[in-house]
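Colleague: Sharing the features that Swiss-Prot gives for it:
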type	residues	note
ACT_SITE	Cys381	active site, cysteine persulfide intermediate
BINDING	Ala127, Thr128, Gln235, Ser255, His257, Thr295	pyridoxal 5'-phosphate binding site
BINDING	Cys381	[2Fe-2S] cluster binding site
BINDING	Cys381	Zn(2+) binding site
MOD_RES	Lys258	N6-(pyridoxal phosphate)lysine
MOD_RES	Cys381	cysteine persulfide
Amino acid sequence: MLLRAAWRRAAVAVTAAPGPKPAAPTRGLRLRVGDHAPQSAVPADTAAAPEAGPVLRPLYMDVQATTPLDPRVLDAMLPYLINYYGNPHSRTHAYGWESEAAMERARQQVASLIGADPREIIFTSGATESNNIAIKGVARFYRSRKKHLITTQTEHKCVLDSCRSLEAEGFQVTYLPVQKSGIIDLKELEAAIQPDTSLVSVMTVNNEIGVKQPIAEIGRICSSRKVYFHTDAAQAVGKIPLDVNDMKIDLMSISGHKIYGPKGVGAIYIRRRPRVRVEALQSGGGQERGMRSGTVPTPLVVGLGAACEVAQQEMEYDHKRISKLSERLIQNIMKSLPDVVMNGDPEHHYPGCINLSFAYVEGESLLMALKDVALSSGSACTSASLEPSYVLRAIGTDEDLAHSSIRFGVGRFTTEEEVDYTVEKCIQHVKRLREMSPLWEMVQDGIDLKSIKWTQH
């Protein structure tokens, strides 16, 4: 159904005479799957058992893992999937010229969102590749003079693994601790910078606890010490205002699927003045100014550009709406359940990412109980691990609370009804699971669990 609808929409987009655009889908309305609905809990295709009728999917509350494709983004992409399929690097015919023009328009849209020059935007396959290019590319280019990097203990796994890879090559890496709030101590950052430090990499918004780092202050420190500053902004671009010049950011990683764009595409901002030099990670045709060889996927970058344009237009509205829904979720859970802890700084925090720990409840058990709501206990990249979140451990959360954490994601298409349903089910199952917990029973009897000396058998 979805494929047939896509072909019909593409044909209309390419062949229809000019006229007024159809109205965008109204926020909060349930749309049919064939209409490319981003909303959760919509009927799924039932080709395997059509007689069974529509199957309801869970409500989607995991927007830090990925976001649904905005229908307006899909509309922008469709012509380049069907009719305008030329290679944007083919300079001898109209097919290539059309795709190149679309690619450069997308580059402008991405640059406009972060206050950059379009020539400073390099398209990649996503934030993971962008982070690798930034960290490994800068470190290797300046390795003859500078062999030291600085990052934090709460970065995304791809940043931490890139740094560990560089350590194996002989580089030195300082992993800054964070405070209980999840925010770094700027004095510790200043003290960690050495004469041979080439790069500082600190993420803008944490993907697990939503904490916002003081990016502008970090940028000023790095600029004054003549050290390049990279930020992984996958969870921040399009959600909070960012300006690479005002914040003195030298490199920035961007992801398409975290801002209601397609998966498989991202970008890296690399400053031109003063120029940041980067060693390319892959060899090939020298596309993207030699920094990222490989044919640029026109439909995907068009989608990324459209997502950035929509985000720029609606950022203020989205932020107010998401803040209101997030506050509703937090307050309604906390007023109904005792012993609930919000992880991370509540003030310096992106409201769409809420990480709560429910004492005396195992997080995995709660996730299984909440089968009607799509949630996670942390980063999607490490969700298969049963170990407690390294981010929560870094902010000093004890192991039991770290194991009991759930991340709630509120996004552009989340409705008030979905928030209320999630709250209702969460309260219901936390109470049920606590009633089954001997630890909860002991606490209700007034026993201090910390005073008990446990023995192994």
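Numbering starts at 1 and runs along the chain as displayed.
Heads up, the Cβ atoms here are built off N, Cα and C, so glycines get one too.
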Colleague: Over all shown protein chains, what is the count of other CB atoms within 10 A of the CB belonging to His257 (pyridoxal 5'-phosphate binding site)?
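Modeller: Result for His257 (pyridoxal 5'-phosphate binding site): 22 neighbouring Cβ atoms inside 10 Å.
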Colleague: Enter the number of other CB atoms within 10 angstroms of the CB of Gln235 (pyridoxal 5'-phosphate binding site).
Modeller: 26
Colleague: Report the same-chain neighbours of Thr128 (pyridoxal 5'-phosphate binding site): residues 6+ apart in sequence with Cβ closer than 8 Å to its Cβ, ordered by sequence.
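Modeller: Set apart from Thr128 (pyridoxal 5'-phosphate binding site) by at least 6 residues yet with Cβ under 8 Å, we have Cys158, Gly266.
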Colleague: Taking every protein chain shown into account, which of the binding-site residues Ser255, Thr295 has the largest tally of Cβ atoms within 10 Å of its Cβ?
Modeller: Ser255
Colleague: Just jot down the residues in the same chain as the residue listed as 'N6-(pyridoxal phosphate)lysine', at least 6 apart in sequence, with C-beta under 8 A of its C-beta; none if empty.
Modeller: Gln64, Thr66, Thr67, Ala127, Ala234, Gln235, Val237, Gly238
Colleague: Using only the Cα atoms of Ala127, Thr128, Gln235, Ser255, His257, Thr295, which the record gives as binding pyridoxal 5'-phosphate, return the largest interatomic distance in Å, rounded to a whole number.
Modeller: 26
Colleague: Over all shown protein chains, what is the count of other CB atoms within 10 A of the CB belonging to Ala127 (pyridoxal 5'-phosphate binding site)?
Modeller: 28
Colleague: Helix, strand or coil at Ser255 (pyridoxal 5'-phosphate binding site), per DSSP?
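Modeller: SS state of Ser255 (pyridoxal 5'-phosphate binding site) = strand.
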Colleague: On the three-state reduction of DSSP, what should I expect for Thr128 (pyridoxal 5'-phosphate binding site)?
Modeller: helix
